[in-house]
Amino acid sequence: MTIGDITPKKERKSRRSKHVVDDTAPLLPKRQDEDAGYDEFNGASFTGAVFNLSTTIVGAGIMALPATMKVLGLILGIAMIIFMAFLTDASIEFLLRFSRAGKTTSYGSLMGDAFGKYGRIFLQICVLVNNIGVLIVYMIIIGDVLSGTSSSGVHHAGVLEGWFGEHWWNGRTFVLIVTTLGIFSPLACFKRIDSLRFTSALSVALAVVFLVITVGIAIIKLISGTIMMPRLLPDVTDLTSFWRLFTVVPVLVTAYICHYNVHSIDNELEDSTQIKPVVRTALALCSTVYIMTSFFGFLLFGDSTLDDVLANFDTDLGIPYGTLLNDAVRVSYAAHLMLVFPIVFYPLRLNMDGLLFPSARPLALSNMRFAFTTVGLITLIFLGANFIPSIWDAFQFTGATAAVCLGFIFPAAVTLRDRHSIATKKDKILAIFMIVLAVFSNVVAVYSDAYAMFKKNSVTEPTA
């Protein structure tokens, strides 16, 4: 996809001083005289970039982290969260370093530089599979939280149904239509990722609201003496419990996946040397949220912590105003996912356009193509979330594969390919470790999902 041309103004390490053409250029021109249809854009701020990257990281996965503490114990679990943050930083550093060496400014063009046209296409397909799956899951969760679900055979009332009773206007399909038209569609119309900085800041704030409520409830229960001492180390008693430790690896490996948005954020920064501090600040912020959520979530629910801790807030908390706090957690989480939606949708649209129209003019400069791609993708996601019953099961397999490819296998493969001869021996050892970890994580994830589905089917068959 051809995306504009930028003329250097000064000798400085700014994105505006980088002359790029064809599919390696930033999404939008930054000078008003390049396209009269846009206001002058002087570059994204450091804070806005941090919020956008943090929102990319903190999606639905935050709710699965407390359950990893139940398996690993607090000490090993928190250590693994910190370790994965450092490993993610290293993988993003690979992307940025090899992008600079090859003078590429997108993930796709980096893969194209290392592996040719088919490398770029494979990357774009992985982004499509991962992001479409993620957004469909977000929409399903939003529908479950607001309108309830009966997918397990037992009806769980949604927040709106609990407040107002069962009506046509708080039914699942109507609520998702309103959410799609009133929230997703307007936010998906921004042509710069920096335009989402305020909604990203609000999204991070809503994740913090969930954290503050969890911490508050845990402190109240600590004071009342109704919380047991949490397990610090894993409980390994036999071979089965030992292998169970590895079931949490996929959750941890995919906790920080944000690589598909790094180049877009980098391209819009006023000073491109800020991207590494942006990445490290976002990782530090998200690690803090992850650690505190995991710690206090496990402290609060102990061995009763469910795989999705949000489900624990559908029960009696045993404290005053427990129902109100349950609703506050669920509503803040649904609102958080609504605001994560556009930041994940942005690279999805860009890669879909690059896959379908690799030689076309910039997407941001073609209003008709931009509109058709946006409407088509949002419609596909809406239909997938509402009318394909087993789609979540399908994305449990494809999503795990695509996510680990984007986060670790592709950056490691680019490093091992070392087309510009800049990788050190340490880099290549780390790259091999990333690939081994990612492949192992994927095998465990696929096996766990397949086993869970087989077990579920074997339980339901006799009653059929």
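Just so it is clear, glycine is given a Cβ too, placed from its N, Cα and C backbone atoms.
Since the structure is predicted, the reported quantities are computational estimates derived from the model, not experimental observations.
Here TrEMBL flags 1-21 as region 'Disordered'.
Among the features that TrEMBL reports, transmembrane segment is placed at 41-65 (among others).
TrEMBL lists 44-448 with the feature domain 'Amino acid transporter transmembrane'.
Residues or ranges marked as transmembrane segment by TrEMBL: 71-96 (among others).
The transmembrane segment annotation in TrEMBL covers 121-142 (among others).
The annotation transmembrane segment is assigned in TrEMBL to 173-190 (among others).
Under the heading transmembrane segment, TrEMBL lists 202-223 (among others).
Annotation comment: TrEMBL describes 243-262 (among others) as transmembrane segment. Sequence-distant neighbours of the transmembrane segment (243-262) (same chain, 6+ residues past either end, Cβ-Cβ under 8 Å): 52-53, 56-57, 61, 64-65, 67-68, 71-72, 77, 80-81, 84-85, 88, 91-92, 95-96, 107, 127, 130-131, 193, 234, 236, 275, 279, 282-283, 286, 290, 343, 346-347, 351, 400, 403-404, 406-408, 410-411, 437-438, 440-442, 444-445, 448.
Here TrEMBL flags 282-301 (among others) as transmembrane segment.
Marked as transmembrane segment by TrEMBL: 331-348 (among others).
Residues annotated as transmembrane segment in TrEMBL: 369-388 (among others).
Among the features that TrEMBL reports, transmembrane segment is placed at 394-417 (among others).
The transmembrane segment annotation in TrEMBL covers 429-448 (among others).
Within the chain, the transmembrane segment (173-190) has long-range Cβ neighbours (under 8 A, six or more residues past its boundaries) at 139, 142-143, 146-147, 160, 196, 199, 338-339, 341-342, 345-346, 349, 374, 378, 382, 385-386. Nonlocal intrachain contacts for the transmembrane segment (71-96), taken as residues 6+ away from its ends with a CB within less than 8 angstroms of a stretch CB, comprise 65, 107, 110, 230-235, 244-245, 247-248, 252-253, 255-259, 262-263, 266, 275-276, 279-280, 283-284, 286-287, 290-291, 294-295, 298, 407-408, 411-412, 414-415, 427, 430-431, 434, 437. Of the recorded ranges 121-142, 202-223, 331-348, 394-417, the transmembrane segment (41-65) has the largest number of C-beta contacts under 8 angstroms with 331-348. With respect to Cβ pairs under 8 Å, the transmembrane segment (369-388) is most closely packed against 331-348, considering the stretches 202-223, 282-301, 331-348, 394-417, 429-448. As a quick check, the transmembrane segment (121-142) and the transmembrane segment (394-417) clear the bar of 3 or more Cβ pairs under 8 A, pairs 6 or more apart, so the two touch. Long-range Cβ contacts of the transmembrane segment (282-301) within its own chain (Cβ-Cβ under 8 Å, at least 6 residues beyond either end) map to 50, 53-54, 57-58, 62, 65-66, 68-70, 74, 77-78, 81-82, 85, 88-89, 204, 207-208, 210-211, 214-215, 217-218, 221-222, 227, 230, 255-256, 258, 309, 312.
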